[in-house]
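Below: the structure, in structure tokens.
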Amino acid sequence: MPVPRQAEKLLHILNKTTTASLSQAHQAHAHLLKTGISSVPRHTTKLLSLYANHQCFSDAESLLNSFSGPDLFAFSTLIYAYTKFNEFKRTLKLFSEMFCDGLFPDAHILPSVIKACSGLSVLEIGKQVHGFGLTCGLTLDSFVESSLIHFYVKCNELVDAHKVFDNMVERDMVSWSALAAGYARKGDVVSAKKVFEEGKKLGFEPNSVSWNGMIAGFNQSGCFVDAVLMFHEMHLCGFKSDGTSISSVLPAIGDLRDLYIGIQVHGHVIKMGFGVDKCIVSALIDMYSKCECAPEISQVFEEMDLVDLGACNALISGLSRNGLVDKALNIFKEFQGQRMELNVVSWTSMIACCSQHGKDIEALELFRSMQVAGVKPNSVTIPCVLPACGNVAALTHGKAAHCFSLRREFFDDVYVGSAMIDMYANCGQIQIARCCFDRMPVRNVVSWNAMMGGYAMHGMAKEAIQIFHQMQQSGQKPDIVSFTSLLSACSQSGLTDEGHRYFESMSRDYGIEARVEHYACIVSLLGRAGKLEEAYSIIRKMSFEPDACVWGALLSSCRVHHNLSLGEVAAKKLFELEPHNPGNYILLSNIYASKGKWNEMDKVRNIMRGKGLRKNPGCSWIEVKYKVHMLLAGDKSLPQMAQIMNKLNELSMEMKKSGYLPHTGFVLQDVEEQEKEHILCGHSEKLAVVFGILNTNAGSPLRVIKNLRICGDCHAVIKFIATFEKREIYVRDTNRFHHFKDGECSCGDYWTSDPRTSLFESLNESTLSVELVTKDFLIPEHLASNYQLIC
DNA sequence: ATAGGGTTAG
């Protein structure tokens, strides 16, 4: 074939830079090299553009490097392409390389560069680009300026956006709508509409992009009603909604829980044939899930013809939102089985779903599998997995997530930091929690509440109060949650007067109406101080129905202070509200036991048994042994010792017959209410679990307790057990070994060198949060050498 | 070869 004809064909291919296929591009490339006309930059740039349009960026870059000298046109071509395909980091990298190559960019590529800055939200770099344009005397036309307005809007710098707008010599429709959308994003409905209308008056008719920008802007600022109204107005003005406007308005409809409008829009979607649009399908699923329409979520997904990851993710999170955790997990596994390329959003949604629904171990396992699958967690994943670490006291995992966040440089993220505080507090590491808190560059109300809640959980009321005051000095207004933490801290530390004052100032000074959880705190606060009548009168003055937590707080206090009459009132309410909660029956029978009213106590126990609630007679054992303990402690108001001892024997026979071991949970009650030892961190029910497991596991040759949840300082808790039970105990928590004997204890952290504790290597093993090993029992072989060392 | 709008995870 003669060369001229081939060259002609080649040029024809190169001219079709958007439609030519990749193989044609390769052919053309080969031909350029063969014929030597690759020295003509015009052809090479065409080829470069062809590669760029096929997103063959490595080919494009190598072509760029093959130029004999720096070529402005070639650089610009690739920069446009990078921005076009959302490869913003590459855009900026190439832009800076231009300067290194001694090239001076012209104003034409600035919009692409600025758009990349918007996409990455890199304010400082964008400002530099802007400054470069101004100082180097480039002509910033309305194209450049409009992209600058959008950039500043995106970076939440509305003032700067406005400055650019004000200085414009010639404005066009894009500049007006970009500014209006900026006001919409800020939630300034009035200004947004004003600018939008002003542009219209000057003859700049909004197009669909302008309308959609407004809808998206209102959505962003939470002005959902305005977003929906804008959508409506758009139709009134004769504009037909396109895919973008529908996928923008659907989240707003979902947040408004307006199923009526949602169904109308769904109908519109079907009528207009938008059902194939990925974003719309995802948004529809999301809308139905927010409106709590579980069947419709799956229906929309199944009716969809395409397989789209976004829609799959929306499905998973939608099912999760509606509490269908197992279904979400099954579908997730199904997707995996289909070898679908799940992304970070899919994994994060699934992790969030598990950790929000009590499936902590599953969440941790997913976090590990995610990394095995090669998907990198991001700053959203971390706050989803951390609560799971905290719940099972998996400190090692939490620390690993901490290190991971530091390495990936999203530790400054306010969500990451707040979740970290919460995790450390839950794992008993209140000091580390405080360090995380102190190092946060930006805090929000969640961060402050996390710190306060941590202190409350650890019974450190003074510190919690201090944080509360610091919070206000910093200008952060407390919210409902802040007061819950504050009041519970006061309640647990017996700061009755302070707690009462905060409770009263809540609505008076802060305009926050007390909710049921605050009433539960204040009842418990007064109750602990023995002010039972006062607590009851607060309950009676409540403007809404008290719930089980409130009555439960009263009943617990009545048990502590042996107040039978109020205890019976509270118990009666509780039996109605939670007929199947054994705790209430136990509390009441406790009070009867303390008064020596054995018949009444038996009656309550029989009701409980009648309901099939708890066959373990251990609960009665607690009551009696508790009384014995009190008697020995010198409470002479109790009935006769002999009577109690008889009952005790009777019960213990009964227990043995049923094959139960004595339950030592009563110890906690003594410590918490009487000795005011806050080593137990105010979570007696969790510690009761400790004792419960201890006893139920007593028959096993190795006392290993899996997934034991200790809230607070494990060391102190076990020390307490060792002292009380007068025995030697070895304890392994996630990273330390503790040895308790005769009130003395020694710690070793050799466990950290135990390969079993290294992250993700054997997750099933390392989810053991605490292991208790008593001396009478065998030590597993592979740990024996360590054991010798310690002994 | 240039600018402005969309879904799903905390």
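Backbone N, Cα and C define each Cβ position, glycine as well.
Those TrEMBL annotations? Automatic predictions, nothing curated.
Here is what TrEMBL records for this protein:
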type	residues	note
REPEAT	A:71-105	repeat 'PPR'
REPEAT	A:172-206	repeat 'PPR'
REPEAT	A:207-241	repeat 'PPR'
REPEAT	A:308-342	repeat 'PPR'
REPEAT	A:343-377	repeat 'PPR'
REPEAT	A:444-478	repeat 'PPR'
REPEAT	A:479-509	repeat 'PPR'
DOMAIN	A:659-751	domain 'DYW'
Exercise for the section: Could you pull out which residues elsewhere in the chain have a CB under 8 Å from any CB of the repeat 'PPR' (A:308-342), counting only those six or more residues past its ends? Expected result: 278-279, 281-283, 285-286, 288-290, 292, 294, 297-298, 301, 349-350, 352-354, 356-357, 359, 362, 373, 375
Handout entry: Intrachain residues whose Cβ lies under 8 Å of the repeat 'PPR' (A:207-241), provided they are six or more past its termini
Key = 173-174, 176-178, 180-187, 189, 192, 196, 199, 248-249, 251-253, 255-256, 258, 261, 268
Handout entry: DSSP residue counts for the repeat 'PPR' (A:172-206), split into helix, strand and coil
Key = 27 helix, 0 strand, 8 coil
Fill in the blank from the handout: Checked against DSSP, the composition of the repeat 'PPR' (A:343-377) is 26 helix, 0 strand, 9 coil
